[in-house]
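Participant: Take this structure first; my questions come after.
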Amino acid sequence: MRGAELTETLFTGIAQLVTPAPGPQRGAGMRELTVLPDAALLVRGGVVAWVGAERDAPAAAHTHGLGGVAVVPGLVDPHTHAVWAGDRLRDFEARAAGVSYEELLARGGGIRSTVRATAAASQAELVALARPRLQALRESGATTVEVKSGYGLDFGAEVRMLEAVRELTAEFTLMPTLLIHVPPTEGHGEYVQAVCGDLIPEVARAGLATAVDVFCEKEAFSVVETRAILEAAKFHGLTAKLHADQFHALGGVDLACDLGALSVDHLEASGEAQIAALAASDTVAILLPGVTLHLGLPAAPGRALVDAGACVAVGSDLNPGSSPVFSAPLVLALAVRLNGLTPAEALSAGTVNAAAALGLRDRGALAPGQRADFLALHSPDWRDLAFALGARPVRDVFVGGKELTP
Ligand code: NIG
Ligand code: FE
């Protein structure tokens, strides 16, 4: 323990060290990156101890040369559904033939088919299925990843999903969220009551999740039901998140701001009123551009949200139905193309703001006191991170100052 705490390494050979300031950044603040040429980074006990010009670097017990490439903070993926069984390849074909995502769901397919397969899987099977997905995300550069339940429907399966996430925390840095995703076809009201009275207290007592998320949508939960569920979550000490405005702006954004939710995610159907509400609140607006690409939906108004002064983050939404995206840098690249963010805004969105969307302030920036989670790119220019589509811009991933060997 003592030895580990004292481990000290100076990383040198950094052509550019690029970072937002720690903590959530909003509006124009998202573009204000620090870009240090010919830099060095001192890590002590897994935490950043010093950053600056290499010529001014303090002496350290160990040095690690990075060979003249750009270094950026580890990316945070604040929205995934990485635990699922079965596949949605038939849906993929049907959608390519013109059937909509909502229509598949209304017919009992879509999310409901993943629910059937996931409920039938054991915890060990769920762990084995999720592991390579989380590996892919981490190798891409995601050093902290949120994972939701939500394909369980029955409470035993929901808890099994969260137990699978807990098991995987031995290998990955994960933030678990209980997702109340789709209601049963009958007994809607009773289901909401049981979620509030039984499932949320059980999950809170067992420490299986830190947040509760609700899919607030026509085919899922109403604003009134979403409020009841998220108030129960707050009562039991869990934070609130929402899937809202994916297809219809039902009022989920106002609810999120009113409840002080950590984040409200999707926003493809958001308009001026929702943008103004988010600009006036601390709730993080999470863009999920993989959904725009995969479902051919309109893009969430990322540019307008930043210009209005909101705190904007990006996430992969990794899931088998609406966003089979396994790369965190690709999410940044898509946010630039589809949501109108600049590369600098996308970096803030995928680091400090994504961390804030999980209630975390200790990561996402390379500054003294922050976790030493960082990425060495192949390129000496940080802008290559959000440029490539389908390449792998990240060469090495460091978590707590230690290099991960893929
Ligand atoms: O964030 N829209 C609701 N939930 C997920 C999709 C899950 C699925 O299609 O399996 C989403 O897009
Ligand atoms: Fe989602």
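Note: Cβ is positioned from N, Cα and C throughout, glycine not excepted.
Straight from TrEMBL, here's the annotation block:
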DOMAIN    71-403  domain 'Amidohydrolase-related'
BINDING   H79, H81, H243, D317  Fe(3+) binding site
BINDING   H79, H81, H243, D317  Zn(2+) binding site
BINDING   R88, Y151, H181, Q246, S322  4-imidazolone-5-propanoate binding site
BINDING   Y151, N319, G321  N-formimidoyl-L-glutamate binding site
Participant: Where the distance is taken from Cα to Cα, which of the binding-site residues H79, H81, H243 turns out closest to S322 (4-imidazolone-5-propanoate binding site)?
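Facilitator: Spatially nearest to S322 (4-imidazolone-5-propanoate binding site) by Cα position is H81.
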Participant: Give me the non-local Cβ neighbours of R88 (4-imidazolone-5-propanoate binding site): same chain, 6+ apart in sequence, Cβ-Cβ under 8 Å, ordered along the sequence.
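Facilitator: Same-chain residues close to R88 (4-imidazolone-5-propanoate binding site) (Cβ under 8 Å, separated by 6 or more) are G110, S113, T114, P320, G321.
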Participant: Given the binding-site residues R88, D317, S322, return the subset with CB under 6 A from an atom of ligand 2, ordered by sequence, or none if empty.
Facilitator: D317
Participant: Nearest to H79 (Fe(3+) binding site) by Cα distance: which of the binding-site residues Y151, H181, Q246, N319 is it?
Facilitator: N319
Participant: I need the CA-to-CA distance for Q246 (4-imidazolone-5-propanoate binding site) versus D317 (Fe(3+) binding site), whole Å please.
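Facilitator: One finds 12 Å between the Cα atoms of these residues.
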Participant: List the binding-site residues H79, D317, N319, G321 whose Cβ sits under 6 Å from any atom of ligand 1, in sequence order.
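Facilitator: Close enough to ligand 1 are D317, N319, G321.
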Participant: Using only the Cα atoms of Y151, N319, G321, which the record gives as binding N-formimidoyl-L-glutamate, return the largest interatomic distance in Å, rounded to a whole number.
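Facilitator: Overall maximum Cα spacing for these binding residues reaches 12 Å.
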Participant: On the three-state reduction of DSSP, what should I expect for D317 (Fe(3+) binding site)?
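Facilitator: Once the DSSP labels are grouped into three classes, D317 (Fe(3+) binding site) ends up as coil.
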